[in-house]
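K.L.:
Quick one: the structure is below, questions incoming.
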Amino acid sequence: MNSKVFAVLLLLALLTCVLSEKYCPTPRNTSCKKMNIRNNCCRDSDCTSNAFCCAEPCGNFCHKASDKPGGRRVDPNASCQTGYVYW
């Protein structure tokens, strides 16, 4: 009996973790002129209020987490500098 209760509790814990996953929102812009690329962040710790640093066509920006996948979080190990990006 105890093993069944444990299994149910474990399953509920796993389900809670999966359902509480947060993502970067889908970017509004799908393209960007190279002269307008600006990084406001390079990692999540650059953002306030537990926002995510999300990669977009015009640079990296902080966004509130979304329940729906569609955006892409910035790789914290990638080479990045905040400010305007010049090619």
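Keep in mind that glycine also has a Cβ here, set from the backbone N, Cα and C atoms.
On a predicted model such as this, the values are computed, not experimentally measured, just so you know.
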K.L.:
Have a look at Swiss-Prot and say which candidate in CYS24, CYS32, CYS80 forms the disulphide with CYS58.
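P.N.:
As annotated by Swiss-Prot, the paired cysteine is CYS32.
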K.L.:
Looking at the disulfide bonds in Swiss-Prot, identify which of CYS47, CYS54 pairs up with CYS62.
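P.N.:
Going by Swiss-Prot, CYS62 is disulfide-bonded to CYS47.
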K.L.:
Quick one: of CYS24, CYS32, CYS42, CYS47, CYS62, CYS80, which disulfide-bonded residues lie within 10 angstroms of CYS53 (disulfide bond), measuring between C-alpha atoms? Sequence order, please.
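P.N.:
Cα within 10 Å of CYS53 (disulfide bond): CYS24, CYS42, CYS47, CYS62.
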K.L.:
Take the C-alpha atoms of CYS41 (disulfide bond) and CYS62 (disulfide bond) and report the distance between them in angstrom, rounded.
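P.N.:
The separation of the Cα atoms works out to 7 Å.
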K.L.:
According to DSSP, does CYS54 (disulfide bond) sit in a helix, a strand, or coil?
P.N.:
strand
K.L.:
Considering the disulfide-bonded residues CYS54, CYS58, which residue's Cβ sits among the greatest number of other Cβ atoms within 10 Å?
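P.N.:
That would be CYS54, with the most Cβ atoms nearby.
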K.L.:
Which chain-mates of CYS32 (disulfide bond) that are at least 6 residues away have a CB under 8 A from its CB, listed by sequence?
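P.N.:
Listed in sequence order: GLU56, PRO57, CYS58, GLY59.
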